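Peer 1: Below, the features straight out of TrEMBL:
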DOMAIN    53-125  domain 'Cation-transporting P-type ATPase N-terminal'
TRANSMEM  101-122  transmembrane segment
TRANSMEM  134-157  transmembrane segment
TRANSMEM  296-322  transmembrane segment
TRANSMEM  334-362  transmembrane segment
TRANSMEM  889-912  transmembrane segment
TRANSMEM  946-968  transmembrane segment
TRANSMEM  989-1008  transmembrane segment
TRANSMEM  1020-1038  transmembrane segment
Amino acid sequence: MRDSSRHSTEQEKAPGYGIQIGYRTLSIRVEEKDLPSKAKQSTDPADAIASIDVHLISTEEVYTRYSCHPTVGLEEAAVQRRSKDGKNVISPPPTQHWKKILNYIFGGFNFLMWIAFVVTILSYKPLGGANPAVVNLGVAVLLMLVIIISATFYAFVDWNASRIMKSIKSLIAHEAAVIRDGKQQLIPATDIVVGDIVVLSTGDRIPADLRIVAASSDLRFDRSLLTGESDMVPGSLDATSDNALETRNLALTSTFVTQGTCNGIVFATGDRTIMGRLVKMSGETKFKLTTIQKEIWFFTKVISSVAFSMFGISLLLFGVWLRTTYVGYETISIAIMNSIGCLTAFVPQGLPLCVALSLTIIARRMSKRHVLVKNLATIETLGCMSVLCSDKTGTLTAGKMAVESIAFLDSHLLISEIDEKISEAPEPRFFAGLNALHHTARLCNGAKFDSATANLPIQERNVKGDPTDTALLRFSEALSIPALGINTPELLSSWRKLFEIPFNSKNKWMLSVVQETRTTEGDITERNSTAWILVKGAPDMLVKSCSTVMRSDGAIVPFDEASRQHMSDLQSNWSSEGQRVLALCRKPLDALKPNLSPNEMEELMYSEICNLTLVGLVGIRDPPRPDVPSSVVVIRRAGVRVFMVTGDFKLTAVAIARQVGIITQQSVDTIDDVKAAASEKHLTDKALSAMKPSEDDPIRALVLTGEDVSTLTPFDWHIVVGQYTEIVFARTTPDQKMKIVEEIKIRGDNTVAVTGDGVNDAPALKAADIGVAMGSGSDVAKEAAALILLNNDFASIPVAIEMGRLVFDNLKKVTLYLMPVGSYTEFMAVVSNVVFGMQIPLSSYLQVCFSITNDVVMSISLMYEKAEADLMMRKPRNARTDRLTDWKLFFQIYLFLGLMAWPCAMSMWFVYMDQQGLGFSDVFFAYNKWNNTPYHGYSSDQLANFVNVGQCIYYVTMVFMQYGNLLAIRNRRVSLLQSNPLWGPRKNIAVPIGMVATALIAITNLYGPGLQRVFLTSPIPGMFWGPPFAFGLGILCVDEIRKLIVRTYPKSIIAKMAW
């Protein structure tokens, strides 16, 4: 734009809209009409992007093309007409439903079920001979039903989880500030239309494709979502490339303003934006496995490989050994059916269902807490969290800042007592300094009131701006002292803003250049007066640039050492009370050259940051969120270290850290202590993964500044991460925050979570294993985070940690429940048949039925288990070394629970056979002798009936023995007496319901007439219904003894082997 020193003040003429830096453009009203444009309609997205030319025309032509006015924007009638083009929403990429359906049908363990189905059909015909066994066809039908039900369940759970997540995402209200009818308004981003003038500031997500028509000199964009590159891209008013994707005078939808402010005219919305067209070209997004999904997929591959191998070995043994050595022992059809047990025995069919179900349960629970989880499986990663790095402002504190104190060189007073102090003074002029302080606080301010709430009381109005500016805006707007000439409306009408450098986290100050104007017969002209530089920011950054200081009466005196010490002590006192302290400074600017470009003006301003006058200090109170202290206690009890990482002053940060419980020690170490410890180099022999405080180490606290962080060596970081439990990082920049996260991640096998709400937190949120943003935070932070706390509820973090741990705990319990009986005991039945020549004690039908009905029903009840009492007192799980299935779990499966289960079931088989006059030696190693009837005086039909009844006894024993197994694995260490499923804190009605359901399934299998006829099931003698319950009770009691030993002797070998 031309004449940047004069382009200013449409905003000050009509307060409440515009941005901090105005630019004067055409001041004529252009009526809407059809105007030529280069772009031609094209169905090809690439051609449409290539045809964009809005960046190549002048700003005046942009206003003309889109029929909008630079200060009035669009009128309501124009908005209504243009809204017919549709909502400003990018359509999601089309879902390839056929891929999803194939995954439902063949995914998980279903592909093994398909193999079993095909082989079973072959065993019926043609391998079944002239009179194929109907049971084979029945098993095939059952397997097909399993596949259909599993696929339907997967589809339902996927649909339900998507529906819940969609409803949660709808709670995020993306808003945009636009100028319409001469007023700045906040509207839903979906209601933006072409021609709207959008007002953007630091941290905003760009809601549509914009042509920039006004910008601050430090304007920067984050286009990583579009380009994949993390470097900030400068903004400009003029085209820098013919390519719309490369030029810097376009702000593209779904990118972010990371620095500065700008105004832009919307030239494309929704699917017509560049991002919308790229989405259309790119098609469906790629699926990425999460931590828990990788664990399940790894387990699935291992189990499937073992199952398929055992199936092959079983058939191989039949082909090369049994068929030739024991002629007539089995037909190929029977051998195949018996070998199918290997496939069904090893497949924990309930596990994928439980994983899917757990995600649905989590989605429902998190939606009730208004927590947006971008990927539900991220919750499990939260359970691994070992370090939480939290921002202070807006995260640990409420973000509702209010000015509490002001101070001049010779006096300081609370806001509540200003009127009283002035009335008590002999003359109001004794507080004339308030005029300069009000002038600086109001005009050097990046926040704006929403014009839609202008009729409300000041404290209730909506404000667009960061919390610090908002506090100063409310304070200065409310300050009215006629005796001193302090009147905000008059101030705004008589001063105009020439230039501005917005606050950024590196400078830690904001600068405005203002000049007074005068009104003559309704015309605003520039008074021939001095321009002023107004600066506000961190005292430690600005005080060193001040040469004079103001007293409360407005007198300016030299800023000598005594005065500096006095102001420094005051800042320290306020900071120690938890107040954020700002310095307000100013300086007259006599020689302001006209026609300077924004960059030249910025360079000039940086050179002028010297010989300032310190007007005064302002103390701002931002109270901690009420839920934070109790949440920090819970998080720390869970073994998670909580660090504060903030850009605030060291003493303020430490004071807030003490208030919320991050620092509990009286003595707090500094960089000098770290350097002294690092000089000993005693940690050099320690592996990086072992660098974390042990349980026996004393709790030590540390505070470091950003300047300290930049000087830390790798040895220093070993000390910081390896020895300190309580750490505050103060005065940090975004780059330093990211470095802190990265250094913590590479030591101690830490899983690092970061909470934040500002633009300066975004790099750290991206670098973390889990980013957590506040719902009230900037769009940049919310985009970078994996979790968004929509209600700004910090207490949701420990709940999410608990849920993450609970998911992993319950899936481990499901695995432990399914394998000893549903896998191990079934497999031993197949082994006894193939290797030891015994009639198979569990038919292929009962194997399949047990795996896909009894086991699944009972295992689902485990997903509704509540957290164990000690869940949030355990150490965090190491995501890199602690697997879902480890040697401890396999020991529990195969050498403890399983070693009790299968001998019990097998003994019932032998007891029944013994009652029929067939001893152990008659059944074991029988091979083809069994078919040489009469065998011990029994016909083939009688022997077949004995086998059918024995198989049902084996099945019933497994069913009711699982009761004890289920009750045993509900708790890892706590006794059942303290956690029964019927009442109390661990109440889980799904457990008794599952027990009743599995009993009914067993009764149906044994007494269903159709099932008896097709699958050869049979009622069993009454005496065989009781022992399984005793076996289950025995398993439960033995495991209770194991838990008692673990609790009593936590250092014993049994405790070390405990899962």
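Just so it is clear, glycine is given a Cβ too, placed from its N, Cα and C backbone atoms.
Context for these features, please: burial, neighbours, distances.
Peer 2: Sequence-distant neighbours of the transmembrane segment (296-322) (same chain, 6+ residues past either end, Cβ-Cβ under 8 Å): 108-109, 111-112, 115, 289, 329-330, 332, 335-336, 338-340, 342-343, 345-348, 351-352, 355, 811, 815, 827, 830, 834-835, 883-885, 927.
Same-chain residues lying 6 or more positions outside the transmembrane segment (1020-1038) and placing a CB less than 8 Å from one of its CB atoms are 897, 900-901, 904, 908, 912, 949, 952-953, 956-965, 967-968, 976, 1006.
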Peer 1: Quick one: do the transmembrane segment (334-362) and the transmembrane segment (134-157) reach 3+ CB pairs under 8 Å, ignoring pairs fewer than 6 apart in sequence?
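Peer 2: Counting Cβ pairs under 8 Å, at least 3, so yes.
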Peer 1: What does DSSP give as the helix, strand and coil breakdown of the domain 'Cation-transporting P-type ATPase N-terminal' (53-125)?
Peer 2: 45 helix, 3 strand, 25 coil
Peer 1: Quickly jot the same-chain residues contacting the transmembrane segment (101-122) by Cβ under 8 Å, restricted to those at least six beyond its ends, or write none.
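Peer 2: Answer is 136-137, 139-140, 143-144, 146-147, 150-152, 154-155, 158, 300, 303-304, 307-308, 311, 336-337, 340, 343-344, 347-349, 351-352, 844, 848.
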Peer 1: Return the average pLDDT for the domain 'Cation-transporting P-type ATPase N-terminal' (53-125) as a whole number.
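Peer 2: A mean pLDDT of 85 is what the predicted model shows over the domain 'Cation-transporting P-type ATPase N-terminal' (53-125).
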Peer 1: Grab the same-chain neighbours of the transmembrane segment (134-157) for me: Cβ-Cβ under 8 Å, and only residues 6 or more beyond its ends, written as numbers and ranges.
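Peer 2: Same-chain contacts beyond the flanks: 100-101, 103-105, 107-108, 110, 113-114, 116-117, 120-121, 123-124, 128, 333, 337, 340, 349, 352-353, 356-357, 359-360, 843-845, 848-849, 852, 1014-1016.
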